[in-house]
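Student: Below are the features I grabbed from TrEMBL:
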- 195-205: compositional bias 'Polar residues' (COMPBIAS)
- 304-317: compositional bias 'Basic and acidic residues' (COMPBIAS)
- 386-400: compositional bias 'Polar residues' (COMPBIAS)
- 80-156: domain 'Lipoyl-binding' (DOMAIN)
- 209-285: domain 'Lipoyl-binding' (DOMAIN)
- 328-365: domain 'Peripheral subunit-binding (PSBD)' (DOMAIN)
- 169-205: region 'Disordered' (REGION)
- 302-326: region 'Disordered' (REGION)
- 372-409: region 'Disordered' (REGION)
Amino acid sequence: MCAFSSRVAVPSASDSASTKASHAEVSKGDQTMGIGAIIGNSAAEMRAAMAKSKHSVMLVMLYVVPNVTRNLIAYTDPSHQVLGMPALSPTMNQGNIAKWRKKEGDRIEVGDILCEIETDKATLEFESLEEGFLAKILVPEGSKDVPVGQPIAIMVEDEDDIQNVPASAAAGGSEVKGETSSSNQDAKSEDRAQETSTVNINTSDLPPHIILEMPALSPTMNQGNIATWRKKEGDKIEVGDVICEIETDKATLEFESLEEGYLAKILAPEGSKDVPVGQPIAVTVEDPADLETVKNAVTSGSAVKEEGKPVEPDVKNETGAQKAPVKRISPSAKILITEHGLDTSSLKASGSHGTLLKGDVLSAIKSGIGSSKVSSSKEKAKPSPQVQRETTPASSTGTKSHLKKEDSFEDFPNSQIRKVIARRLLESKQNTPHLYLSSEVALDPLLSLRKDLKEQHNVKVSVNDIVIKAVAVALRNVPEANAYWDAEKGEVIPCDSVDISIAVATEKGLMTPIVRNADQKSISAISSEVKELAEKARTGKLKPDEFQGGTFSISNLGMFPVDNFCAIINPPQAGILAVGRGNKVVEPVVGSDGVERAAAVTKMNLTLSADHRVFDGKVGGAFLSALCSNFGDIRRLLL
């Protein structure tokens, strides 16, 4: 549980006029409220602050528990609470108010549904953890993109206090939030500054040196992983030498030195993950005699991270001590207690006024606390005490083994490439209107051409090489399909060249090297280039210009037992062709004499996924028609 606090001061009668005038908001009568945000490092410090204050003070607590976050901002005079937008899922940072279940003035009980909130996952219900009356709705029904923590409503304990809620309460809540977030940002900035300064400790006393920072090796790169250090501490470095290999969001690239010198200190060791661009990773010197001086004066980046680790257990211990006995149980917590047969007397509540939250129960289940008790309903169903004594241990053991089974899993770290792929594919499906068009083509002419090239000209090409050429020629003949959507201008932008991206599976993720000007190259040239690019992709040696760009993509799963599939568009491209395997089918074929006869034909399914903002039915149909013509008369590709 993390806590931040806000002090709301109500001037006493003895306050001077200047003191009263300094307060932020003045309402009717004696209801003068001043709002100032302060950050309390501990409960003891907050109690000391309250004791010194001349005004009434209440604490604002932010309870953070697994899967459930509740923001409760409390003010005084009259006693009321400002409810903030809750974080109802781990990835939620904003939400939409879908519907208010309660109206202003309604009575609210613990567990009542206040409103329905549309998150990034689903529409969920926001339960009340307090009794009272809904005095004011600050965010109306239908509001979009409300940030987590922003005040959405005000509750009061007494119905008579509804009319006394000051109009400035909403502004005050926003002010508290703003000041708190500002303070948090300042604290984070100070932490970052402190970390940077710790890395460069005693730099004023160092001999002439250069601090190497994590470079931005691609336009979208904001962090990287240190894959391998090619140079060791003490090694001589020449201009152009590769110092280390850095795994970016696209590939593993080499970091070349622009200066001569010696590698004095490695600040980010091999295997370091998510190193921000601009963070120091190494120190070089000009004179080898200065190596030891730098080693002794500079602290590595790993030591900086370790300094902050002991802080976390202290916070957890402190928050654990603040948990209170159970006085109330939220509805979601009751369900979990019933399902797992937990003993509520052994559970600790972290909610306000001793409310047991869903997160408290989940934590208890994970740690195995309270799992020895069987629910009362199950006890009643058992026939006799003897059977009960025999069954209870078995049930308890079964429950524990079930919990252990649920917890038995292994985490596999994702590479930077897979993280970017996941993010971009999600963005593509969410933001790009996909249009799907399918067609079958006869594969026999292509297989015949491939066989002739091998036997007559000793040229080995794959089916995919010929597909690339066929697609490139079709894009050249239908230029409307070789375009992309410019979101800023809101219009279709045609592409000058036909650059085909080829999906290549690697251990680190899917890469898309590009065959540029594919419509102008021969099939044998395409084949050689694809082999070279695929090998670079698998070893992580692709250069940025070899995988950035492209006007159209091809994904071929014909080597697997996949008949057809729909691929996801690779933005900002407007189309991708999914190629399935070839299958033998029997269908009527017109012979040279004009008579139809049954014959075995190899068919291949092609599915086009297109951006509907660029491809309408006419453009998509024209492209597939041109592509099918190329497969029907495959030798035209040699022209």
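Glycine is no exception: its Cβ is also placed from the backbone N, Cα and C atoms.
Burial and contacts for the listed features, if you can.
Tutor: Here the domain 'Lipoyl-binding' (80-156) has, by DSSP, the following mix of helix, strand and coil residues: 0 helix, 39 strand, 38 coil.
Taking the domain 'Lipoyl-binding' (209-285) as a whole, pLDDT averages 87 in the prediction.
For the domain 'Peripheral subunit-binding (PSBD)' (328-365), the DSSP-based tally of helix, strand and coil residues reads 24 helix, 5 strand, 9 coil.
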Student: By DSSP, how many residues in the domain 'Lipoyl-binding' (209-285) are helix, how many strand, and how many coil?
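Tutor: With helix first, then strand, then coil, the domain 'Lipoyl-binding' (209-285) has 0 helix, 39 strand, 38 coil.
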